[in-house]
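Okay, so here's the structure we're looking at.
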Amino acid sequence: MIWTMLGVFLVHVLLGLPLFIALLTTALVGFLFVDPAMIARIAPQQFFGGINVFSLMAIPLFILAGNLMNASGLTERLMRLARLMVGHLRGGMGHVNVVSSVFFAGVNGSAVADTAALGPLLVPAMRKEGYSTSFAAGLTAGSSLIGPIIPPSIFMILYASLTNTSVGSLFLAGVVPGLLLGGAFMLMNAWYARRKQLSVRSERPSRKEFGSAMLGAMPALVAPFIIVAGIVLGFVTPTESGALIVAYVALFGLMMGSMPLARVWVAMRETAKLSSAIFVIMAVSAIVSWLLSYAQVPAQFVELLTPYIDNPVMVLLVLSAITFVTGMFMEEVSALMLLTPIFIPVAMIAGIDPVHLGVIITLNITIALITPPMGACVFVAAAVSRIDITSLFRTIWPFVLVALCILLLLIFFPALTLWLPALLG
Amino acid sequence: MTNGFAVWRERSLTLSRRITLWIASSLMLATVLVVLYGVLTRYVLGGAPIWMNELARFLTIATVLLALGAVWVEGAHMRVSLIERLLPPKLVKVLVFYQWLLTLFLAGAATWLSLQYALSASMFTTMGLGISRAIPLMTLPVGFALLTWQVLCHGPRALRTELEEVGI
Amino acid sequence: QAETINLSYNGAPDLDKNAVHVFASTLKSLVEKKTDGELELKLYPNSMLGGEQERMEQVINAPGLNIASFAGVAPLIPEIYVSAIPFLFKDFEAARQFFDEGDYWKNVQQVFSERANGAKILAVVEEGGFLAFTNSVRPIAGPEDFEGLRFRAMDPSQVALYEAFGASGTPIPWTETYMALRTGVADGQMNPPMYIILGSLYEVQKYLTLANIQYSDQFLVANGQLLDSLSDENRKALMSAVHEANQMARVTNQAKVGERLAFLKEHGMEIINPTDANLEALRTQGQPAYLNWLTEEQGIEQRWIDMALEDAGMTKLAN
Ligand code: NA
Ligand code: NA
């Protein structure tokens, strides 16, 4: 049954059907194996149940916050600050790219939004500084992975809702890994700039310039602290923090006069569309996930991994490898929805902290965004850099490798994720 | 195909898209306001109304389902369109027809099944708003009916592919 | 040829930590023994087949068994909240008698069956003892000790209860409760010892008051067509297996409560046993708020409340 379902799914994805249709077809075939009479009862129920979860409502809200950031000009202010901070170094624009992603990540919960928002401005600027287009596009896609690791994070919200884990703890656990990723990409950029002998262009900014840029970007810089503090201290739920940030960015934009109402409306519409595309996948994945549970796939999976269950590192490595391969061929939200319920029983028995597992899975799923042949961030980066996708897929591997190194680091040193939640939680 | 039909088809597609997206965006805005209202009452009045959580969920689900068809027409559902560029035109035509037929069938079936399901759940009262569970569930058949209608109107034509895949 | 029946419930398949799983796995072995393997139970823990609402819909519409919490049963029969009136039972004995022999419960079972397409509530499954108050500020012995404290509330009925004692209640999801208690956003909460251990709340709470607030229970529900389809012999075997499993689960559960309290004490919690006078004070001050919530917010008819109070031997309650 599993293999037939997998086959049907892959064929329909390759045939170019929208993913939710491919998943729906897969579910249909699955029901034929189990009991066709169940379709009428279970399919609509799980479709509705899969998205009828309050914490998931944070997802459209954080997408909206990101869209409003762009509409209100806050994103550009963040980039200006990044330029003044690291722009004067060798390979300055590459550093600016990474640092902007770190800043932007504090409000934005999605990697594609990062690529789409920052790429069009940064890739041309990097090219002007002597970067190859493929490295510029690659760094844009690679550094966008920081978006879902530094809080807020759409993947983490989804994981938390599937596993009853604290979103607050997960968000805190993502901070150090996110900064590590940023550091790793900056090192990579510095190495590239050195090898290519890129010239140092801009001058060191004056203290005054720096101060004014800092002040201008401040509203966006404090946003992540509001989000994390609000959730961790229990003042607001993740969903509520999403609404607060939306209101905060909207008020800021409207008061500064940098955002006409018409753009707010466009941001709403784009958010509704993207949310629809994401939620329908979550809803349909819930049907497939139910079928897998009903066929007791999670229990079989536990049995399969029983020989290694005493060794958490080994278990995490196996789970990561499975996620990596799945992520190559599957859209990320559905991969997360289908794998998490299968992994959780194994991880519990192996004694892996659910928060740690959440960060590992999130990073894995995020890396899948830049791996061929279905890496959404690469597609967007290629589109905004006007570069051929296949050639970008050839040059993306070093970036994947760097991210995988960080992943391994986290697997071997769980303290990197768990230290901050333990300290502040 | 007559010219008149083509014009009518484009018009009705555009109109359906505009109206559904307009309502969906309004519901989106309403969700934000409801959640904010919940936070506000909790800190000003000391307790958030219990229906807040449920209303936000139902509004979002309605947003998502209303926009479903419009997103499909715009070709903005996540998909991989690689094969359409590799196949010879004749086969692409067959493929597009299969895509269309399957989507139409599933959308139609989903409309019917979710309608039956919504009606069968009327015995439950929701915990927050205290309304019949059938009411929020009705957004499913409505959304799928809109999708069916838009797929039918669109006909077996290739979907737009500005971006091969849009994800989060 | 064995007939397989699905049994779904929430919580991990852990005999140590999940009282519902203790019941489910006992039931499984008893049913298989008593029917000579003609009936076979397949266990679906961890809400694998869906949340409370989804599982309830499944058990109403298709053959199967489901152990539902209040969240699963109440959308069909809100009258079940009456059985959760705070301080209704003195001890396990009283609570068990209430469900085993009382008129209120028989009526609930009947109305449930009418509304649920013939599905039946077969057993009231003990989940982890009685709910107890915990907090990190001061030992609570009576109502006056609540003054000014902030509590994590699970639902509006709990908010009403806290407010009746002069404290305040904020709804905080279970997953964020530990953090909220640790950072002082809430001073206290109420839960059975099992959940206090599961959520590591003893790390962030100092005082535990054994006030027998509410009996902590879930409900075994069977699909109507399934029961009708069984042979008389198998149905009888199933029923007696349910009864036996429930008795055994009660014994295990009660023993566990003692062990768990000892564990909590060992981990630094101070355990408070309020005097009878204080319990009475808690009851007279707390119950009206909850009863008001029942009639005003949930729209429940007075006769259900009267019936339940009568069954619990509390006819002369101040209301
Ligand atoms: Na970037
Ligand atoms: Na983020």
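The backbone N, Cα and C atoms fix where each Cβ goes, and this holds for glycine too.
Note that the structure is a prediction, hence the values are computed from the model and not measured.
Annotation source TrEMBL lists transmembrane segment at B:21-40 (among others).
Here TrEMBL flags B:32-154 as domain 'Tripartite ATP-independent periplasmic transporters DctQ component'. With helix defined as DSSP H, G or I and strand as E or B, the domain 'Tripartite ATP-independent periplasmic transporters DctQ component' (B:32-154) counts 93 helix, 2 strand, 28 coil.
Below 8 angstroms of C-beta separation, residues 13, 16-17, 20-21, 23-24, 27-28, 30-31, 34-35, 38, 103, 128-129, 136, 139-140, 142-144, 146-151, 154, 159 of the same chain, each at least six residues beyond the ends of the transmembrane segment (B:55-73), sit close to that stretch. Look at TrEMBL and you will find B:55-73 (among others) tagged as transmembrane segment.
What TrEMBL lists as transmembrane segment is B:94-114 (among others). Below 8 angstroms of C-beta separation, residues 72, 83-84, 87, 137, 140-141, 144-145, 147-148, 151-152, 154-159 of the same chain, each at least six residues beyond the ends of the transmembrane segment (B:94-114), sit close to that stretch.
Residues or ranges marked as transmembrane segment by TrEMBL: B:134-152 (among others). Within its own chain, the transmembrane segment (B:134-152) has Cβ neighbours under 8 Å at 13, 16-17, 20, 57-58, 61-62, 64-66, 68-70, 72-73, 100, 103-104, 107-108, 110-112, 114-115, 117-119, 121-122, 126, counting only residues six or more beyond its boundaries.
Averaged across the domain 'Tripartite ATP-independent periplasmic transporters DctQ component' (B:32-154), pLDDT in this predicted model comes to 90.
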